[in-house]
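**Q** Take a look at the following structure, please.
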Amino acid sequence: MTNRSPILSLRGIQKSYGPIKVLHGVDLDIHPGEVVALLGENGAGKSTLSNIISGTVQPSAGEMTWLGKPYAPANPRAAMDEGVGMIHQELKLLPKLSIAENVFVGRYPMKSGRLDRKTMEDKARAGLQRLGLDVAPDRPVEGLSTGKQQLIEIAKALTLNARLLILDEPTAALGGEETQALFRQIERLKSEGVGIIYISHRLEEIRQITDRIVVMRDGAKVQEFDRGDVPIRTIVEAMVGRSLERMFPALPVPTQEVALEVRGLSSPSKAFRDINFSVRKGEVFGIAGLMGAGRTELVRAITGADPISAGEVLLHGKPVTPRSPIDAIRNGIVLVPEDRKLQGVVLDHSIAENIGYANLGEIARNGWLSTRRIREFAEDYIRKFGVKGRGGQNAGELSGGNQQKVVLAKWLARKPQVVVLDEPTRGIDVGARSSIYDLIMDLARQGVAVIVVSSDLEEVLGVSSRIMVMAQGKQAGILNREDANDVSVMELATI
Amino acid sequence: MVADVKERRGVAGIALPSLRGATGPLIGLIVLCLFLTFATDKFLSVRNFLNVLDQITVLGVMAVGMTMVILIGGIDLAVGSVMALAMMVLGYLNVVAGLPMGIAIPLALFVAALNGLVAGLLITRFNVPAFIATLAMMSITRGLANMITDGQQIIGFPAWFNMMAIVRFGGFLTLTVAVMIVVFIVGLLYQRYRHGGRVLYAIGGNAEVARLAGINVQRATVLVYVVCSFLAGLSGMVLAARLDSVQPSSGVSYELDAIAAVVIGGTSLSGGTGGIGGTIIGVLIIGVLRNGLNLLSVSPFMQQVIIGAVIVLAVTAETYRKRK
Ligand SMILES: Nc1ncnc2c1ncn2[C@@H]1O[C@H](COP(=O)(O)OP(=O)(O)OP(=O)(O)O)[C@@H](O)[C@H]1O
Ligand SMILES: [Mg+2]
């Protein structure tokens, strides 16, 4: 591995945004046919470094060498022409265009001067099937689940014929099956001599797929491991710079009082049918299932974001079936949605304003507000949730994980009775993840009924006192904590 | 202007968000005034300043409503026609039907607001894009305005009505200018300090985020179009007072002037950033520019060219500032 010359070398790469320095001289070599994991806490600079390699962002200082020649891509197109492909952390698909058009955007296959639609759709279908996704390539991307969109993004990158591929948190929205399909594709690319930079907060997958690990902290490379199967504990210590005792806190004992009850709930789009369950005060109720099982649709309906065709939702025995998010929020039922960019934050507004948007009623006195008052309100939560940023800073300038903390802060500031968390730790680093688990338990201890939807099985198992498993829109069963393990959950999920 | 904007970057960061986009235009306005002070000897006088204020009243009132629409990511092309309709309704009720102004004005404003209600409902209930809905309303209201008198103008308002635009109370403010200033202040306070005003930023930033945050996006949207049309009607009252007559061909392409003022003032057409503070400056820039060009005896055709160039300059300077 080391005797071959690297495809890409970085030397002393620095990046500053105004007075803030986010990369302090990073050196990195990527060889053909190796998978290098780039790890680090939220805001460590992983995405920034990747964006520099892919021409999305320009470095302030430092040099790059590509196949022995100096390399300084002015824009993503230039990087792509050299053979650098990247999947961005945030989904960047065009919602109105078809799946096939998205996969081939900017490089449509042509035949005698015209767009060759058939070739394009065939290739797109083949690319998606390799990832285990069976969808019509001519349907628009709009309305597909986050997980499916993620797979399309991956298919797009895989068809680039890149010599270096950067995957920035490709599995954040994926379940186990899809992740394995992705890994098979990565193995294939590896054997073809493609170099891969792999960024993820799911440390278990790192050992399975990577040849080398590079750990970053606060914009600098702090440690390198020459193999992939490093104990997770060691990686975590390198990432956070201290040792971390445990991941999941102890579960509080739920009360006997039922807070939320769902009876015979069905959706007009048939995404889920006849769902029945109840959540007690102080209980953490997990919902597991494969991609497309209808989990997101179910919790969106419960919180008024999507319509309901039959059934009802009760809170403390009173019917509260919501018709809009406003209805649900008034009753103290809030949703922390799965896609933060589209549903969670306004990227070009400040952190304080974003936290304020769900709480304007509370911040206002007789309907009067000021920027200063919003700022003061938010400051508290920025500190409490450990958001790495200032209140006046735009949310778009935060790292992905810190944006997620802003979304959480915005909702938990409302002191709700029922909190529904859809993929609460998507893109969140280990240290912050365990603090979010602590927050969830705190909520439960205060008597809040919490519902957690997650594709991360370990997470659902770790935080829930009961787990409902969904399969193809139906409720496959509810498991008590004692009976729930990866085997029993997967058995129910795949029936 | 570009160079000045660059210098102020650091300061803009700590300013209020609603002023953020307005520091650039403010500098532009100051530079423009300084230039005209030296270029002509008539520009710098109280009298000329009051003239400018009189000339911008119609645009000023209209642009406040347009700002709110653009802030939520919408557009209202109908304001010029709605203004004409409100004026014709006023003329008909007062002069033809003989109703007193105290009833005719509120009814005219009500008719104007009704147009906004229709546009708002088309947009929220039937998902018609704002551009199309208000384009249709523009045509419909212009037609209605013409139908009232079959295209004829109406004259014969009571004498005091025209005096509102002429008599300077305390040697200073005409009533029409006072109306504009009240609209500015109320608009500014509402947008910056009221719950309902802050919500507009959230909707313009990302309507789905706003909806999930429990904001009643549909109601706020309808309300914004109603207010915009109401203010278009009010600007019609101001124009009627100034002209002492009403005609159905008034206000053609005024919507474009209003949009220009909003954009020059730093509000982004994609919504979510900017505000009425910037629009006030945008209106002043257009007013001062027209006044100055007249003092310099620049032909009206050349004036159009120059105003177009200013729009481009203002927007480019903003984009440049943001990218840095
Ligand atoms: N446009 C910007 N302006 C100012 N600061 C920025 C900007 N983009 C990123 N940053 C800052 O740079 C730092 C590194 O961000 P980056 O997105 O690279 O982190 P990351 O390691 O990818 O984190 P995550 O795991 O959360 O995705 C963060 O502190 C972030 O706030
Ligand atoms: Mg990142």
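Heads up, the Cβ atoms here are built off N, Cα and C, so glycines get one too.
Just so you know, TrEMBL annotations are computer predictions that nobody has curated.
Annotations per TrEMBL:
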TRANSMEM  B:21-39  transmembrane segment
TRANSMEM  B:59-79  transmembrane segment
TRANSMEM  B:91-114  transmembrane segment
TRANSMEM  B:126-145  transmembrane segment
TRANSMEM  B:166-190  transmembrane segment
TRANSMEM  B:222-241  transmembrane segment
TRANSMEM  B:262-289  transmembrane segment
TRANSMEM  B:301-320  transmembrane segment
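Each of the listed features needs to be described in terms of its position in the shown structure.
**A** Within the chain, the transmembrane segment (B:91-114) has long-range Cβ neighbours (under 8 A, six or more residues past its boundaries) at 82-83, 85, 148-149, 154-158, 161, 226-227, 229-230, 232-234, 236-237, 240, 245-246.
Under 8 Å from some Cβ of the transmembrane segment (B:222-241) lie the Cβ atoms of residues 57-62, 64-66, 68-69, 71-72, 74, 76, 78-80, 82-87, 90-91, 105, 108-109, 111-117, 119-121, 123-124, 157, 161-162, 164-165, 175-176, 179-180, 183, 196, 200, 250-251, all in the same chain and six or more residues away from its ends.
Packing against the transmembrane segment (B:262-289) from elsewhere in the chain are residues 17-22, 24-26, 28-29, 32-33, 36, 52-53, 55-56, 59-60, 63-64, 66-68, 70-75, 184, 187-188, 191-192, 201, 203-206, 303, 306-307, 310-311, 314-315, 318: each is 6 or more residues past its ends and has a CB under 8 Å from a CB in it.
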**Q** For the transmembrane segment (B:166-190), give me same-chain residues lying six or more residues beyond its boundaries with a C-beta closer than 8 angstroms to one of its C-beta atoms, as numbers and ranges.
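**A** For the transmembrane segment (B:166-190), the far contacts come to 50, 53-54, 56-57, 60-61, 64, 67-68, 196-197, 231, 234, 238, 241-242, 275-277, 280.
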**Q** At a C-beta cut-off of under 8 Å, are there same-chain residues at least 6 beyond the transmembrane segment (B:126-145) that contact it? List them, or none.
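**A** Long-range Cβ neighbours of the transmembrane segment (B:126-145): 69, 74-78, 80-82, 84-85, 87-88, 115, 118-119, 248, 255.
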